[in-house]
Amino acid sequence: MAEIYLAGGCFWGLEEYFSRIEGVKKTTVGYANGQVESTNYQLIHQTDHAETVHLIYDEKRVSLREILLYYFRVIDPLSVNKQGNDVGRQYRTGVYYTNQADKAVIEQVFAEQEKQLGQKIAVELEPLRHYVLAEDYHQDYLKKNPGGYCHINVNDAYQPLVDPGQYEKPTDAELKEQLTQEQYQVTQLSATERPFHNAYNATFEEGIYVDVTTGEPLFFAGDKFESGCGWPSFSRPIAREVLRYYEDKSHGMERIEVRSRSGNAHLGHVFTDGPESAGGLRYCINSAALRFIPKEKMEAEGYAYLLQHMK
């Protein structure tokens, strides 16, 4: 067994979230890395402790790297002393370790996050100090009070975890060699392929769609629907963090551009006219930005970990 301490805003929601992740054996909440050895809920403003979740996990079932990727899924790493509606030093973000060997793993994940975001993150990285177990009524708070306040979606624990470290972006020269002219123009130059006359508009087999530039999984075929727009349409991504969103005012229109996380490839746009029963979104994606992998080939191509999440 191993342990790590994570601060990420109100500890009620963060504890419930991590309690749902396979391999996490025990969670408790407390106050960490303050200026003095003792504190309580009424004093944390004065002692500068952070609301923190203590995780004990089985390294054979979930790694520290995976724990951290789950963590970054539900925090805003750029926000200072604020998560959701909660404001104050006690709601700062931080990763606090007790095993010196963990520091290198944490630093690597931090570096990857900063590279993806293009700026330094506001998450503390420190050895654990002055940890105080929180009062009993805070422990498993949302299990005792299912309708209680929570600033995160704890069901995000059930979304597939896609590790961006497995899907590195090739160099521009490699992309020019690997991709067709249309694939390169769409993904690297934000071009748009012709509607209806593209590879996957009418494809509805079981499987997954991955970023053509990196192989990072983006969409389940089960979330694809016929929209009539002429391009592949999806109601949601495999996991929300695999996509990036940008304001697009090109061609005299105001749209939300969708790009891939690891490859930074232009994929298409997202609109709010999708099926209401599936959340109301329509991800309108260029076939040229995707590669389809049939369900029967997923294991051979390294995507077996996603099979359990397919509809």
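For all residues, glycine too, the Cβ spot is worked out from N, Cα and C.
Annotated active site per Swiss-Prot: C10, in sequence order, evidence recorded as similarity to another entry. What Swiss-Prot records for C284 is active site, nucleophile, and it gives sequence analysis as the kind of evidence. Under the heading domain 'MsrB', Swiss-Prot lists 172-295. The annotation region 'Peptide methionine sulfoxide reductase A' is assigned in Swiss-Prot to 1-155.
In this structure, the CA atom of the residue listed as 'active site, nucleophile' is 36 Å away from the CA atom of the residue listed as 'active site'. As a summary of secondary structure, the domain 'MsrB' (172-295) carries 32 helix, 40 strand, 52 coil according to DSSP. Across the region 'Peptide methionine sulfoxide reductase A' (1-155), mean pLDDT in this model comes to 96. In three-state terms derived from DSSP, C10 (active site) belongs to neither a helical nor a strand segment and is classed as coil.
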